[in-house]
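All remarks here apply to the structure that follows.
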Amino acid sequence: MTNKCLLQIALLLCFSTTALSMSYNLLGFLQRSSNFQCQKLLWQLNGRLEYCLKDRMNFDIPEEIKQLQQFQKEDAALTIYEMLQNIFAIFRQDSSSTGWNETIVENLLANVYHQINHLKTVLEEKLEKEDFTRGKLMSSLHLKRYYGRILHYLKAKEYSHCAWTIVRVEILRNFYFINRLTGYLRN
């Protein structure tokens with residue numbers, strides 16, 4: 001009985017992973033749902049922007065993200081993947097000075113990690129099957145520099161409450177762009 005149940009679960013997991021990796025529509029649906037959940041969690045983190053206006057900074061998000069051109073599905077998926085990896089790295093930093101509910105931060109990290117894994121599954125399979133080069137993709141160097149500026153800002157401000165409030169708003173803005181990129185994941 002137990003072996004039969006385990007076999008069914010294993011088959012279901014294999015099927016769902018394969019089905020996910022084959023369908024950008026499903027990926028887009030899951031991505032939109034997860035993006036919404038991440039935005040909701042970010043809004044739950046306290047921090048009043050009006051008290052931190054003196055700490056505002058233009059992190060200069062790459063033009064390729066602000067002015068979305070026609071992205072191929074794979075390009076959009078890879079860009080979202082890179083953005084989520086960097087968001088994950090940012091929220092793994094010391095946020096103890098914020099007074100944020102750690103459960104909310106942990107849920108945010110878990111949600112972002114889950115999205116990263118879904119995208120990784122799709123990207124690995126597509127990269128194996130299709131021959132597309134990183135030359136076609138938006139420069140990930142611009143993204144790395146952008147997120148580097150955010151991390152440098154947090155460090156320079158000694159991970160203060162206001163610095164985190166500014167970064168939280170910037171990451172909310174990131175999810176707006178991720179939502180737009182998610183639109184390119186349709187089959």
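Using N, Cα and C of the backbone, Cβ positions are placed for all residues, glycine too.
Listed in sequence order, H161, C162, A163, T165, I166 are the same-chain residues at least 6 apart in sequence whose CB falls under 8 Å from the CB of C52 (disulfide bond). Sequence annotations record features per position, and here Swiss-Prot assigns disulfide bond to C52-C162 based on experimental evidence.
The feature N-linked glycosylation site is assigned by Swiss-Prot to N101. Classification of N101 (N-linked glycosylation site) by DSSP places it in coil, neither helical nor stranded.
Annotated phosphotyrosine per Swiss-Prot: Y24, in sequence order, evidence recorded as similarity to another entry. Under DSSP, Y24 (phosphotyrosine) is assigned to a helix (H, G or I) in the three-state scheme.
What Swiss-Prot records for 1-21 is signal peptide.
Taking Cβ-Cβ distances under 8 Å and a sequence gap of 6 or more within the same chain, the neighbours of N101 (N-linked glycosylation site) are Q44, L45.
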